[in-house]
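Reading through the structure tokens given below for one structure.
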Amino acid sequence: MTHTLILLRHGESEWNAKNLFTGWVDVNLTEKGRAEAVRGGELMREAGVLPDVVHTSVQRRAINTACLALDAADRHWIPVRRSWRLNERHYGALQGKNKKETLEAYGEEQFMLWRRSFDVPPPPIEEDSEFSQFGLPQYAGLGDDMPHTECLKDVIARFLPYWESDIVPDLRAGHTVLIAAHGNSLRALVKHLDGISDEDIAGLNIPTGMPLVYELDDDFRPTVPHGRYLDPEAAAAAAAAVANQGR
């Protein structure tokens, strides 16, 4: 028996368009991003790959992407479950900063360490920063789990317990699962699924609004490594654009 998993990064956000580090800042989709989300749902419908349940973050750009995609796929009625564990990586003190200006200020090596390394987090955010999430009601119960900054290793550490406790049981029950989330939370899961090394994960870029489908065996490992995009040519072009952010 195989289990179908669909990964969908949110459509272009307002801060994607401005080339800003976003992280946990709760920005909305652009009109382009809304169109990308709708197209993602259309691709699922056209391919006949239709989810029965959705898992998403508590950030509006992912939640709204899920809603728009589901409506386009005529699956607006299925359950949607939200968890902070699917949030984007927290970019610490980089949140709100322009990527190009950060690259120019700190140089290529430091920029790429902060942006794409496995275990080097950016400097921590101050709790009273305008780009901090401390004190927001959606995070009231986190306590010591509330991050000041994260690297990809940290995202994996918070994501995988939810994967095992909530998503795997849905897959095991025979549901087709859609995860509508973020570039780095999805990179964290793909690293786990495909066994990508700590070094090679730096080269993985996930484009906005492009459904990526995995068929998993009974051990929840891919039957075909790296899955398949429902629109592979468009996904490849969009992933290249993600790689060039900051330039």
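Positions of Cβ are set from backbone N, Cα and C atoms, glycine also.
Going by Swiss-Prot, these are the annotated features:
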- His10: active site, tele-phosphohistidine intermediate (ACT_SITE)
- Glu88: active site, proton donor/acceptor (ACT_SITE)
- 9-16, 22-23, Arg61, 88-91, Lys99, 115-116, 183-184: substrate binding site (BINDING)
- His182: site 'Transition state stabilizer' (SITE)
Determine, to the nearest whole angstrom, how far the Cα atom of Arg89 (substrate binding site) is from the Cα atom of His182 (site 'Transition state stabilizer'). 8
Given a separation of at least six residues and a C-beta threshold under 8 Å, show me what packs close to Gly23 (substrate binding site) in the same chain. Glu88, Arg89, His90, Tyr91, Gly92, Leu94, Gln95, Phe131
Given the recorded positions His10, Trp15, Lys99, state which is nearest to His182 (site 'Transition state stabilizer') when distance is taken between Cα atoms. His10
Any idea what the Cα distance is from the residue listed as 'active site, tele-phosphohistidine intermediate' over to Gly183 (substrate binding site), rounded to a whole Å? 8
Arg9 (substrate binding site), DSSP three-state class -> strand
When each of the recorded positions Arg9, His10, Arg89, Lys99, His182 is scored by other CB atoms within 10 A, the minimum falls on Lys99
